[in-house]
Structure formats: C-alpha cells, structure tokens
Amino acid sequence: MGNASDTSAVFASTISKEHDILMGSLYSVFCVLSLMGNCILLLVAYHKRSTLKPAEFFIINLSISDLGMTLSLFPLAIPSAFTHRWLFGETTCQLYAMCGVLFGLCSLANLTALSSVCCLKVCFPNHGNQFSSSHARLLVVGVWCYASVFAVGPLAQWGRYSAEPYGTACCIDWQAPNHHFSALSYIVCLFVFCYALPCTVIFLSYTFILLTVRGSRQAVQQHVTLQTKTANAHTLIVKLSVAVCIGFLGAWTPYAVVAMWAAFGDATLVPPDAFAFAAVFAKSSTIYNPIVYLLCKPNFRECLYRDTTMLRQRIYRGSPQSEPKAHFGSSLQRNKDMSISMRSSNGQQESYGACLHCTENTAPCHVTTPQRTACILTESTYREVTVSQLSDKPQADFL
C-alpha cells in the first residue's frame, strides 16, 4: 500500500468532499461497466478467434488496454476519492501514474493504427488487400512499444510523475516545465507525438475514407473483396471505428486542454476542480469501445446472443427442478416411441389388449405376441382376420 509514513500535504484533496464523493461514485460506475463490457468483448472475440479480421485485432487490443486501465487505476482512485486524500504513498503513486500513461497512450496509438489500416483498405485497396493478420499483430506490438517509451520516461528522469492538482490521484507533473527543462521537453514531445500527431492521423484517415466513399463506390466494394457482403462488413468496421475515435478523443480532449494550460501557462490559475472533472471524462473512455462494438457490430452481437443462450440452457439443465421433469418427459417419450414402433411393425391401429375376433360380452384376451393378419375381399367389401383363422385350402373369396 505504499509508504504508510507519507503524510505530505501534496496527497491531501484540494477539492470539496462532495466533489470527491461524486468522483468516487462515478469511478465506481465506470469500473463496473468497463469490467463487464471489456470482459464480455474479449470473451466474444475468443469464441470467434478463427474468423477475426485483421482490423478487429486492434479492437481487441483496445479492449485489453481499457481493461488494464480499469484494473490498475480504479481500485486505487475509488477509495482515495471517498476518503478525501491519496491513500497509497509515493511509490504506488509513481506506478499508478505510469499505468495511466501507458494504457491511455496505448489506446490512443491503437486507434491511430486502426484508422490508418481502415484508410489503407478503403483508399488503397491494392495495398490494403495485402494487410494480413500477421501484419496486424506486428503493429499491435509496435503500439505497446510506442506507449511504453513515454510511460517509462518519467521513471528515468525524463519528465516527472506527481500527485494530481486535486490530490486524490497521480499523473504527470504538469507544473514541472516551469522549473525543469527535461520536464518541458517531455511534455512537448508528449503533446506532439502522443496527442497532436495521432489526432491529425485519425482525422486525415477518416477524411480520406469519406472522400473516397463519396467519390467512388467501386473503391469501397473492392477494398477487401468483390463480394458485397464482405465489403459491407469492412465498411461497418470503419463506421464503428469512427464512433470509438470520436468517443475516445472527446473524453481525453478536456484533460489535454487543462494539462496544456497548466504546463505552458500559469499553473496557479488552473482550478483543481477543472483537473478533477477532466480526469473523470478521461477515465470514462474505458467504456466506449465495448458499448459500440457489442451493441452495433452484428457478428459480435450474434456471438454474444449465442453464448448467453447456451449459458441459460446449461443453468436450466443443471437446476434441481428441471431434472425430474426432464427425466419423466424423456421416459414418457421413450415409452410412447416404443408403443408406436410396435404398432407400426404389425400394421395394426389398435392395441394388443384384445383380439380382433373378441366380442364385447366376452372377457378380453391377453395376447402375449403380436399376430399377423390378412384381408378377405367379398365383392366390394373386405374383412380382416388373423392368419391362424385361415384354412389350409384356399377359399373362393380369398384374395
């Protein structure tokens, strides 16, 4: 839990207790939604792993980074918000900040790579058709390496991690550029290569896609295959990717604006509440990806419906109330099938409880074995008798 003796005032909350409670409540909701959504999305992706398209590897990687942020940040931020101060000491503060930067930049770099791949497939189909799953895996590794450089930098004295201005969480020290050149260079590189450049690439990629789609329907139909169904599937991926990018950038832009205000302006003029609520918007980005893809992507939604249906059936079959009914029903059906089979094999429509030649006044005969029958035609009518009733000599009316 960090250093218990650390009682520095930097870890005390600088916003009102009511705002801290509101932040803790929102973080709790985000944590539950993110855990459920991203775990379900990863489970669905695992079940359809043999049919994943290259672009969908980035969707899975985005879900992994969102889940990593959820598991590493929310369990520490929630109790700290409710207790009105950071609870876990300096060392944990450094690790918390590193995880936030790592998973946040990984998500942004991942969306940048996804937009570039979509642009390649739509606008340059000759090259896009050669983009395979192995290329996607290699690009995913590059995304993690890119984010790791900026996440580990402050631990190597390039930049600095510290408590947030509102006190109950940790991130990059945005006031350090006013005092240290290395911190200034880190934040400049962070802003250029981890926000301005990715946003520019994302914007240009989807702008080119929009212009290509409007200018040439043929380009959309040929970017993967000549089959319209496959073309529509990849067009849907483009639309959903745009939705996720808008949600992610909309969540992180307020924090970026406030951070740049503190880094390159007068940090004392930035209210702590501005940082606090910008951080809330930023952490909400973990729930957009699963919501968009699970609700709007047909093959993900169908796979999820199939899995939940199978789960309900297993739960129902395993319940104690269903077992006797199922056993009784199967036994009844089995006896019914046997009865039908015996009647069909003999050609009779009645049961074997009485012989055909027994009358109503006589006691019913119990026949132990089925008997074969024959039809005797007399002019336009016929009657049915058992084979044992037939005489050895052929009769005139016997057919």
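The backbone N, Cα and C atoms fix where each Cβ goes, glycine too.
Because the structure is a prediction, the values reported are computed rather than measured.
Annotated features in TrEMBL:
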{"type": "DOMAIN", "residues": "37-293", "note": "domain 'G-protein coupled receptors family 1 profile'"}
{"type": "TRANSMEM", "residues": "26-46", "note": "transmembrane segment"}
{"type": "TRANSMEM", "residues": "58-82", "note": "transmembrane segment"}
{"type": "TRANSMEM", "residues": "94-124", "note": "transmembrane segment"}
{"type": "TRANSMEM", "residues": "136-156", "note": "transmembrane segment"}
{"type": "TRANSMEM", "residues": "183-211", "note": "transmembrane segment"}
{"type": "TRANSMEM", "residues": "236-262", "note": "transmembrane segment"}
{"type": "TRANSMEM", "residues": "274-296", "note": "transmembrane segment"}
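Residues 15, 19, 23, 26-27, 30, 33-34, 36-38, 40-41, 44, 59, 62-63, 66-67, 69-70, 73-74, 77, 104, 107, 164-166, 169, 171, 240, 243-244, 247-248, 250-252, 254-255, 257-259, 262, 304 of the same chain lie 6 or more positions beyond the ends of the transmembrane segment (274-296) yet place their CB under 8 Å from a CB of it. Sequence-distant contacts of the transmembrane segment (183-211) (same chain, at least 6 residues past either end, Cβ-Cβ under 8 Å): 105, 108-109, 111-112, 115-116, 118-119, 122-123, 150, 153-154, 158-160, 172-174, 176-177, 238, 242, 245, 249, 252, 256, 260, 263. Counted over residue pairs separated by six or more positions, the transmembrane segment (94-124) shares fewer than 3 Cβ pairs under 8 angstroms with the transmembrane segment (26-46), which leaves the two as not touching. Residues belonging to the domain 'G-protein coupled receptors family 1 profile' (37-293) score a mean pLDDT of 86 in the model.
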